[in-house]
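Annotated in TrEMBL:
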REGION    1-21  region 'Disordered'
COMPBIAS  9-18  compositional bias 'Polar residues'
DOMAIN    44-167  domain 'HIT'
DOMAIN    183-237  domain 'Aprataxin C2HE/C2H2/C2HC zinc finger'
Amino acid sequence: MSPRKPKSPKSTLSTTDAPTKHTVFAGRDGLAAYTTDPASFPASRVVYYNDNFVVINDLFPKASVHLLILPRDPKKNVIRPQEAFDDPVFLRECQEEEKKVRAIAASELRRRFGKFSATERPRLAALESDDPPDELPSGRDWEREIMSGTHANPSMNHLHIHVLSKDMVGESMKKRNHYLSFTTRFLIGMDQYPLDTNDERRRYGHFPEDMLCWRCGRNFGNKMARLREHLEDEFEEWKKE
């Protein structure tokens, strides 16, 4: 394996805006501030908000694109997702918002990585043509590179839906439980709700022992450092698809 170039320093809380930094000190209740006063946060944190939802960039991203959908209903957003999504009306509202945010995440992937993608090349060529066609080639289906859902045992008290790219190379992807929380049944897709009453994910027990590469399936056991290095290599190949 060829030597790696030094990476630029990652952002830290010392460079984070004051309102966002304050949410960290709130611990497990840190998401509440976004739902109660989203206008107090900069656009770099809050992507958009409406009467029912706030969408933010995750402060600790586990992938290159990582958004959170935060329902604002105070009667619902303090309930575990397994119980909150037993309500068919609330579930449908969240699923509709999820569709919008998946499209936003896919668009951001295209913006960042489209220039590297072989599948995207015909579309880019048409866009740059002196005589562009009336209908552009579809290019790469970036939404296929997005996953979304809730964790079976969320780390935060307020209900949130993850929408993120599959690459798993976010600056905060550092621990075994980080990786397994997005690559196992611990992540419950919104299309899998409502759960059956006897579904084990209503009371998820523990992670499996092994970490498998999301792209090639290689088993890295519990070796997070080796997996992270491998994921960087896979990321470069994935961008080129």
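Positions of Cβ are set from backbone N, Cα and C atoms, glycine also.
Quick caveat, the model's predicted, so the values are computed rather than measured.
The predicted model assigns the domain 'Aprataxin C2HE/C2H2/C2HC zinc finger' (183-237) a mean pLDDT of 97. Note on the domain 'HIT' (44-167): DSSP counts are 45 helix, 26 strand, 53 coil.
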